[in-house]
Ligand SMILES: Cc1cc2nc3c(=O)[nH]c(=O)nc-3n(C[C@H](O)[C@H](O)[C@H](O)COP(=O)(O)OP(=O)(O)OC[C@H]3O[C@@H](n4cnc5c(N)ncnc54)[C@H](O)[C@@H]3O)c2cc1C
């Protein structure tokens, strides 16, 4: 079953502004170009808790899952 | 059109701290309870709360609820209702200890009690000295609170409808509330949630401002729904600007930073708060600190090439303290301000943060509105709690950490009221009017069919800019008057929004258009109420109502010691008295005084 882009777009709404700002940049710049495989990785990443996700994005915690690394890289890109 | 219907004892809109606390009360009492939420519960905005929750436990310094009540009334600039404030401060220890029993991992003192730290505006002995009243779980208090409450709700079998957006309130000819309409994002289907009791806990609307600490989800849906259904919004002119939003990004630096010893400095490095608030200094109430900062900037003592911000300095704290007590702050500062606060101070400006006003309720969480000469007549079947509600405990200005407390106390009391009203037979499942879903269906059909319309993004941007410019930290009569005219124009434009994407499922463009309808109601309420209030009080500070001997701080109690009620229809205003009498006979009212720190 293919992943609905609208759903992922909605799930990029997070609990605090830090992540919203990072995801807004990502949605604008990268999201439409993601392949199905990348979308599946993003879907997996979006299941993380917001604080966990934020820690990986700001680099205070290493990204513990190889599958998330590419998306974290895109989110970190200024 | 045939619309699907689901029936519950109670429906709660919102799964943040307030919604989850209310839900727990209902589910544990055996009521069939549905909780609707736009996002997964533990992704609600309560997660963002870092600083802590207030309770006069007295674990670190001597404390009691009378002092807390005094601070809250004074913080509110006497616009808070003293019955509700007494209720909240007296209940604080109970709801915090309850949370501890639900498994909330509070920080501990060496002897195992809940660790408490000082926070702006909270004092010992009626304003004498700062007190340690804030209970925190590192800088993740909201997150920990929400998780503890969510787990508890799962255990109590609360039924969650996740990624459902409530659209409109359903009222019958008597004005009683019978539930809501909602859209399931996954299918695009509209459904009626028919219930004996409806509780709104939809959170704040900080996204009406351009510079805001609030996440994108804070679109004031509950306020929009209530306003469209003819229910007034109370005291919407009062918005708290948090003193320390990261310059340029809005991201909040918690007051806990100043609690741990952070100092605000101007361009010459001066600790300027010593001049404005000699006692509490950097820990004075938020509005006082915000205005002092803007005054520094306006008088040319701001920092940076454009002298448009000030600095928050924690370089004198040990890196261990920063890492241990304020870890998140360092990352925020590096990411959004480009400075490591261990080495250099953080650029900050006052940023829109919290709405003191909201859907009018009493201390029991029942929604109230004027009827037959009673300014506070309960609306049958309707309750509200949390940031969307106005009990009113925060009055013209909220103290930090009092909001998480508000969620717990009034979430619980709204839940208790529903259970009581249920048991006493006051609530019944009234028949739905035939047109129950018509308003929502018409809104969706309008959006679907709109041609040559306005862009949701552009109209939203215009709204945010208008609010920022015309209803900011300092307010001016001419700007407010212009602001009223401009926000009405923006509101007109919002009636013609068009979306290009017409897909039925997971249509985020449609969701955002529907959210804008709600934001616009809040923006109008704010601007119109602010223009009309011709005094300065708490967070509402008018240039034409300055501090004089006759009117200390520009506050005009003889004329303006009253709550504003704004009605969407015709932007009509009404007023109602402030409750100056505490709940209990033996508690002395806190007499009007000038608010100084
Ligand atoms: C950055 C930041 C830090 C803060 N720190 C503190 C602090 O340290 N201490 C403190 O006391 N206060 C703090 N506050 C304030 C406090 O966090 C909020 O006032 C409080 O969390 C609001 O909780 P709530 O339950 O009312 O709403 P929220 O937690 O915002 O939850 C709202 C819920 O309503 C749902 N919802 C909204 N609209 C709809 C709809 N149409 N249909 C379905 N569901 C809907 C959402 O999905 C969500 O579940 C802070 C605020 C911010 C922005």
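Including glycine, each Cβ sits where the backbone N, Cα and C put it.
Caution: TrEMBL annotation is automatic and unverified by curators.
Small disclaimer: the values here were computed from a predicted structure and weren't measured.
When TrEMBL is compared with the stretches B:512-533, B:534-555, the one noted as region 'Disordered' is B:534-555. Taken together, the residues of the domain 'FAD-dependent oxidoreductase 2 FAD-binding' (B:9-404) have an average pLDDT of 95. Assigned with DSSP, the residues of the region 'Disordered' (B:534-555) fall into helix, strand and coil as follows: 3 helix, 4 strand, 15 coil.
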